[in-house]
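As annotated by Swiss-Prot, N-acetylalanine applies to Ala2, with the evidence given as similarity to another entry. The feature phosphotyrosine is assigned by Swiss-Prot to Tyr66. Per Swiss-Prot, phosphoserine is recorded for Ser77, Ser809, Ser833. Residues annotated as phosphothreonine in Swiss-Prot: Thr110. Per Swiss-Prot, domain 'C2 2' is recorded for 123-263. Residues annotated as domain 'Ras-GAP' in Swiss-Prot, with sequence analysis given as evidence: 346-561. Residues annotated as site 'Arginine finger' in Swiss-Prot, with sequence analysis given as evidence: Arg371. Sequence annotations record features per position, and here Swiss-Prot assigns zinc finger to 679-715. Taken from Swiss-Prot, the feature Zn(2+) binding site covers His687, Cys698, Cys699, Cys709. Residues or ranges marked as region 'Disordered' by Swiss-Prot: 806-834. Positions annotated as compositional bias 'Polar residues' by Swiss-Prot: 818-834.
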Amino acid sequence: MAVEEEGLRVFQSVKIKIGEAKNLPTYPGPNKMRDCYCTVNLDQEEVFRTKVVEKSLCPFYGEDFYCEIPRSFRHLSFYIFDRDVFRRDSIIGKVAIKKEDLQKYHNRDTWFQLQHVDADSEVQGKVHLELRLSEVITDSGVVCHKLATRILECQGLPIVNGQCDPYATVTLAGPCRSEAKKTKVKKKTNNPQFDEVFYFEVTRPCSYSRKSHFDFEDEDVDKLEIRVDLWNASNLKFGDEFLGELRVPLKVLRQSSPHEAWYFLQPRDNGSKSLKPGDLGSLRLNVVYTEDHVFSSDYYSPLRDLLLKSADVEPVSASAAHILGEVCREKQEAAIPLVRLFLHYGRVVPFISAIASAEVRRTQDPNTIFRGNSLTSKCIDETMKLAGMQYLHVTLKPTIEEICQSHKSCEIDPVRLKDGESLESNMENLRQFVDRVFSVITKSGVSCPTVMCDIFFSLREAAAKRFQDDLDVRYTAVSSFIFLRFFAPAILSPNLFQLTPHHTDPQTSRTLTLVSKTIQTLGSLSKSKSASFKESYMAAFYEFFNEQKYADAVKNFLDLISSSGRRDPKSVQQPILLKEGFMIKRAQGRKRFGMKNFKKRWFRLTNHEFTYQKSKGDPPLYSIPIENILAVEPLEEESFKMKNMFQVIQPERALYIQANNCVEAKAWIDILTKVSQCNQKRLAVYHPSAYLNGHWLCCRASSDTAAGCSPCTGGLPANIQLDIDGDRETERIYSLSSSYMSKLETMQEACGSRSVYDGPEQEEYSTFIIDDPQETYKTLKQVVAGVGALEQEHAQYKRDKFRRTKYGSQEHPIGDKSFQSYIRQQSETPAHSM
């Protein structure tokens, strides 16, 4: 879901590593320890929560989180909570990073001091205000200046303890006066529409002929200001909660025209002062924020076409895609957008086959084949992550969940054994888990995605052709990816592959480490199994599996997934779990009588049906076949005064659902839309609001079967595994190429040097793989030209946007301290990425 701007789409995403907290304040009790967790928030909306780390003042989280950001935001915030079993969890402190400051910490481990949390630290939102001066002639013939203050609306106010019933006080304040008025309370909304006008007398009556129109005395206006305070009406004994304030000096009204603008709410001037840094501890984070500005598809045609023909270039090292891998500092930087682009256009197998064959030809020892972090290895890794994730889940998730839930001790290192544990019993537990994992993997070959099988076939053929005397190389070329880079890492760190929601506990993590090591060795088909382990206890344990049947099972599996023309007969028939989780749904009114209330339910989506049940594992209460989903669209907040709602439209009715946050709502809408995209009866129009009290709230039509009044969005690809935007990936490649332009130019110089000089070359030139200098130079020239053309388009867009930008508009409210930073970014830095 992109934020639409004139002429382009803006995509925001963030990748976060939450490391650890240190030196948290002690608990005021005899135990002194705390049970803490960390949340990730867009402004104050929670989008992710870590597991609870018990009894620690230095909790280690080690959790990763990635999301596409579906809306604008000002701060990326992190809150450390102390869990309380009997009361509401208490906040220890927070880290708030301004959006414009995220680039300062880009992809760097950084320690942040925790800050205190109070009403002033939580201020957010903006107010639409209009001020107008008017003259009133009294009965005695004198003139009074009166100020009309109109508060129209607010947006994005903070939600306090799960509710927001806001009202505003409007005060005309000066050295010798303070006159306050109050709006009505708006219930259950943090986007209140007030539209109330308040009048204040701002000058003493004076003769009409004394001064010109609106020429009131300077000492009056210079010392007066309008202050708007937002409050949350509360029934608690502690009184109403402060939400924020703004102050407008009346100097802005020296012109005859009215003043109308948006303002950001600010904390109070006399707000509570935070304690000195370090009092609350610190939090280690690594944040990567990306913002892509994507033009329409035709802008990218030259660069995209150049990239897509990479597989056909001879030699492949002279292709645009291979050149990108050469200039990037990390091969993975290039591999991620390249693989996604090639998958989108069906060119990933030819490209990987070409670069793999070239790498095999350069390899001298069959024992080191595909063992480095080359562009080939990184591209295959990325392909397996994208195309093989559902396969991985179907194969491993049930067994991984069983291991996590069993809590059986599998420690076989005599030094690590706990008191009372039996080495023989632990070894048997571990053997059973390894056998189970090995069995599900080697029996899963028929389910391996076709694109992976086609790549494995090309690896097998290239390796066998290069090392004809080594009969095992056709297996090791494939096992180095499917076992060493796919299954073994997923077993070792299941949370990174969404097999578990969080990091596992230390005992389970140790078990998975031992299982992963054994599976990796079994899959490698190493001739000397015992030498594969540094630890003697692992070598002893491996004797359980030193039988020919294990090697035969691995070879049969590798033969199956690397066979030419193999297709997956289960790809359509087999139910695949796509997404599941708790959400809140509104009763659909299937019964004639009964309340249409809201209930928390466990939702489950497969490629066959969308169901909900009371709890995970319970029988379904209701099922919607995928073919009956006619549209999936957002539901306007005003329908039920609830955020993050969407609707799943069926032939008879719509199912209204509330997700936990905006990120989760986007994820559900996207996956439901994708899986139902090919339905023949999909709607073209829908109702963006609910049908309540005998009419649609959006168009006021009275019939519940009335045709929709707004066009459906849709437009996503039908492939349930892959949601790839080709233009966005080309934009990312442009961004990378632009940032590495100096290395592209150096590579051009290296091509020229090699064309005319055969002697020793400069050290910086020797890092590039250049098999054909003339062909490589030709491609480089085209890449530089394509990047330059896009650079000009971005520069023109920045200039146009700069001219349109208005301080005080809804997009750039007054009081935004980042506005000058925004102006500087628009005039100095590239617009394609932050």
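The backbone N, Cα and C atoms fix where each Cβ goes, and this holds for glycine too.
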Starting from the Cβ centroid of His687, Cys698, Cys699, Cys709, which together make up the recorded Zn(2+) site, report each further residue of the same chain whose Cβ lies within 8 Å of that point, ordered by sequence.
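Near the Zn(2+) site, the remaining chain residues are Pro688, Ser689, Trp696, Leu697, Arg700, Ala701, Ala706, Gly708, Ser710.
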Tell me the Cβ neighbour count for Cys699 (Zn(2+) binding site), meaning other Cβ atoms within 10 Å of its Cβ, over all protein chains shown.
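For Cys699 (Zn(2+) binding site), the count of other Cβ atoms within 10 Å is 14.
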Which residues, given as numbers and ranges, are at least 6 beyond the ends of the zinc finger (679-715) yet have a Cβ under 8 Å from it?
626-627, 629-631, 633-636, 638-640, 647, 649, 651, 654, 656, 673
For Cys699 (Zn(2+) binding site), which of the three DSSP-derived states applies: helix, strand, or coil?
coil
Would you count the other C-beta atoms found within 10 angstroms of the C-beta of His687 (Zn(2+) binding site) for me?
24
Within a 10 Å radius of its Cβ, which of these binding-site residues (Cys698, Cys709) has the fewest neighbouring Cβ atoms?
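Across Cys698, Cys709, these binding-site residues, the one with fewest Cβ atoms within 10 Å is Cys709.
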Fewest other C-beta atoms within 10 angstroms of its own C-beta: which of the modified residues Ser77, Thr110, Ser809 fits that?
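Candidates: the modified residues Ser77, Thr110, Ser809. Fewest Cβ atoms within 10 Å: Ser809.
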In sequence order, what residues of the same chain, 6+ apart, have a Cβ less than 8 Å from the Cβ of Arg371 (site 'Arginine finger')?
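Listed in sequence order, they are Ser480.
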If you average the pLDDT over the domain 'Ras-GAP' (346-561), what number do you get?
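Value for the domain 'Ras-GAP' (346-561), mean pLDDT as a whole number: 90.
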Under DSSP, the domain 'C2 2' (123-263) has how many residues in helix, strand and coil?
9 helix, 76 strand, 56 coil
Name, in the order they occur in the sequence, the residues of the same chain whose CB lies under 8 A from the CB of Tyr66 (phosphotyrosine) and which sit 6 or more residues away.
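Expected: Ser13, Val14, Lys15, Ile16.
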Write down the Cα-Cα distance for Ser77 (phosphoserine) and His687 (Zn(2+) binding site), rounded and given in Å.
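Spelling it out, the Cα of His687 (Zn(2+) binding site) and the Cα of Ser77 (phosphoserine) are 35 Å apart.
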